[in-house]
Amino acid sequence: MTTAEPASSGLVFTGESANVSRLIESLMKGYDKRLRPNYKGNPVEVGITMHILSISSISEVNMDFTLDFYFRQHWHDERLTFENSGEDELCISNEMLDKIWWPDTFFANAKSAKFHTATTKNAFLRIKPNGWITQSLRLTVTAMCNMNLRLFPMDMQICPLEIESYAYSTRHIKYFWKDGFNLSVDIQKEVQMPQFDVKGYRVIERLENTTTGSYSRLACQLWFVRSLGYYVIQIYVPSSLIVVLSWISFWLDRNAAPARVALGITTVLTLTTFISSTNASLPKISYLKSIDVYLVTCFIMVFAALLEYAAVSFIGNKPWIPKNKQSKQRREILSIKNAAEGKRLALSAAPKQTSAHHRTKEKDLNGRAHPPTRRSANNTMEQQAVTGGAHKRSASKLEKKPKTVNKNIVWANNIDKYSRMIFPFLFAIFLITYWIVYTNISRSQMKLDFVLIEQSHDS
């Protein structure tokens, strides 16, 4: 009896397998996979659902994105009904796919796509008694995504995956989202990317008109928002610090040419490297990005600091020649010297006349002439010496007057003094304006008609 039970159960199992095999053979009898279901009738309605496992990369240079997902198609084939067979469902191997008709679905914007075949072809087929068929495939697709990088790195991108029949027009196949617009696409919670956050998705149904006919097309649009943290740490903060570093030049002495020139050139070259390295990972586009606005402004600030020292050095080393004041002072000195010289010459002739006059007229009371007196001459020479000395002292005072202050040096120092305030003020105004403007523009692009990831997981 113990040996009969296994034999009996084996016979039952063999009988069920035989029944399913006969059922499949009967379904395949007279089945022509070259013809779609209901060939002369209404178009086949193909329902689509997707479960996204991962999004591996988004490339700005190649303008594409790659995702790994389960792709499921649902359609009705009346030739495969078995309602009176007693079976609830036929779950058969993927080899059956080669024996029945199934939609020739392709991804219209795909660059490349592949089936997963480890350890076997990742596909299954299930058939309901009423003839509804579910086909599931695991695929990896790299699809095109036309990105607008004007707000980079505060941008958000909408990348679509478009589904369409390759050969059958709307007369033969019509696609629809099987579980509605909110539930037909499911994104796994663990989906993460280093530079983007997946915020949500939106599904679309539309017609695609071409020269060969009108085709039913579905589109699943994924909403990506770029993570700003990396760019703040790697670009925004270092470039701002380089601008601040260039301001140290304003506190250095204007005669410290090697230090100020070296500092200016170093900051200019460093920012040039920043700009080159940032654009190296981006496509060569003609329009201006928000990161370009920031880096170019920083470059202008640093370059302006270098030019500021060039102006300070040029003005400070330029000789100061106050023409009006020097001419007036020179005329005063010459007039004083000329006056002193004229009086000296006039007085030098006076003693001769005075001595002759005294020789003829000076007599004593007895009528006798005396020798000429030298008193008047001595007095005259003393007066000349006093007068001439006074004029010379006046002239020397004018000549020894303190020199005029070099206004070029004053202007050069003032340029440095005002630059210490103007440069930080202008850069602060730029920072406030930049972040307010671009943050508001980025927020204005928020997509309100998308299904958010949190909502889809909660539902």
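Note that Cβ sites are derived from N, Cα and C of the backbone, with glycine treated the same way.
What TrEMBL says about this protein:
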COMPBIAS  375-386  compositional bias 'Polar residues'
DOMAIN    21-218  domain 'Neurotransmitter-gated ion-channel ligand-binding'
DOMAIN    235-435  domain 'Neurotransmitter-gated ion-channel transmembrane'
REGION    349-400  region 'Disordered'
TRANSMEM  228-249  transmembrane segment
TRANSMEM  261-282  transmembrane segment
TRANSMEM  294-315  transmembrane segment
TRANSMEM  421-438  transmembrane segment
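If one looks beyond the transmembrane segment (261-282) by at least 6 residues along the same chain, the residues whose Cβ comes under 8 Å of a Cβ in the stretch are 60-61, 149, 152, 235, 238-239, 242-243, 245-246, 248-249, 252, 289, 291-292, 295-296, 298-299, 302-303, 305-306, 309.
A Cβ distance under 8 Å defines the sequence-distant neighbours of the transmembrane segment (421-438), meaning residues of its chain 6+ beyond its ends; these are 151, 154, 240, 243, 247, 250, 290, 293-294, 297, 301, 304-305. Counting residues 6+ beyond its ends, the transmembrane segment (294-315) has Cβ neighbours under 8 Å at 235-236, 239-240, 242-243, 246-247, 249-250, 254, 257, 260-261, 264-265, 267-268, 271-272, 274-275, 278, 408, 411-412, 415-416, 419, 423, 426-427, 430, 434 in the same chain. A mean pLDDT of 93 is what the model gives for the domain 'Neurotransmitter-gated ion-channel ligand-binding' (21-218).
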